[in-house]
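Report on the following structure.
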Amino acid sequence: MNIVLKLSSNACQQLSEKYKSYEQTSKNPYIRFFAKVGKTSISVYTSGKVVFQGSDAEKIASEFGHVAQVVPKKQTNLIGTDEVGNGSYFGGLMVTASFVSDNHLKFLKEMGVADSKKLTDEKICQIAPKLIEEIPHVALVVEPEKYNEVIASGYNAVSIKVALHNQAIYLLEKQLGSQPESIVIDAFTTEANYKKYVSAEKNHPLTNVTLLTKAEDQFLAVAVSSIISRYKFLENLKKLSKESSFTLPSGAENLSDKVAAQIIKSQGIDALNHLAKLHFANTQKAMKIAQL
């Protein structure tokens, strides 16, 4: 468990005094107080940011204003979201929000729905079209060119995902015409970060949002979104490969650097804007390989 809070100077002082007997030395120059309480660490930064990490993080953080998230108890009548493509240099970013009701349970069991990372691409391509047809959802596909434009406008890799998850949920609520009992997002950032970035967005869902790690293992709606997003990503990568006449790999490993370098040599550096997320380190590595 990892919880981040922004506390006032007085609150940081109170925390430091309360847990002074647990204080330990930290080599990080930006940490002004560090303590280890059982299996939980408390790091107070000079900026006022406080990080609680460990099994009792939520309990200790609640003493300083953290409100514990209520984890939905039901599998159904909720919206779940997940994204794919954020870790891949080539291809766009896909975010899907899906709504699962009691009526969908039998169908999803028959389909063998699970987290997309546990399914082969072949299996995903088999079941995703059926999920798209049967399950109420909103899938947002951001092509690399649009992604690069948004990043250049001031968004970062986290805030763009917050915006997309938020918009997908908002649009799905409108599509349903009613509020789900709960909304679960497969956590890709801290709750504090999510709230900070989502406050800048124009539209907001009517239902409270819960961020959970490994939510795709706990909620079918998140697993469905994971599969649909993966399918959309694979389709997008296939389309871009055809347009570029190169087989574009998924991920951000050395192979991506080499393929990008080949594209630069044959089509020029500008061609990458249509195919890849330019702010990734792969761009500079590819330019070095291409000797630009």
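Note that the numbers count up from 1, one per residue, in the order the chain is shown.
The backbone N, Cα and C atoms fix where each Cβ goes, and this holds for glycine too.
Features reported for this protein in Swiss-Prot:
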BINDING   ASP82, GLU83, ASP186  divalent metal cation binding site
DOMAIN    76-292  domain 'RNase H type-2'
Which of ASP82, ASP186, all binding-site residues, has a Cβ with the fewest other Cβ atoms inside 10 Å: ASP186
Which same-chain residues, if any, lie at least 6 apart from GLU83 (divalent metal cation binding site) yet have Cβ under 8 Å of it: LEU93, MET94, VAL95, THR96, LYS161, LEU164, HIS165, ASP186, PHE188, SER229
Environment of ASP82, GLU83, ASP186, the listed divalent metal cation site - residues of the same chain whose CB lies within 8 A of the CB centroid: THR81, VAL84, VAL95, THR96, HIS165, ILE185, PHE188, ALA215, GLU216, VAL222, SER225, SER226, SER229
Model confidence over the domain 'RNase H type-2' (76-292) (mean pLDDT, whole number): 94
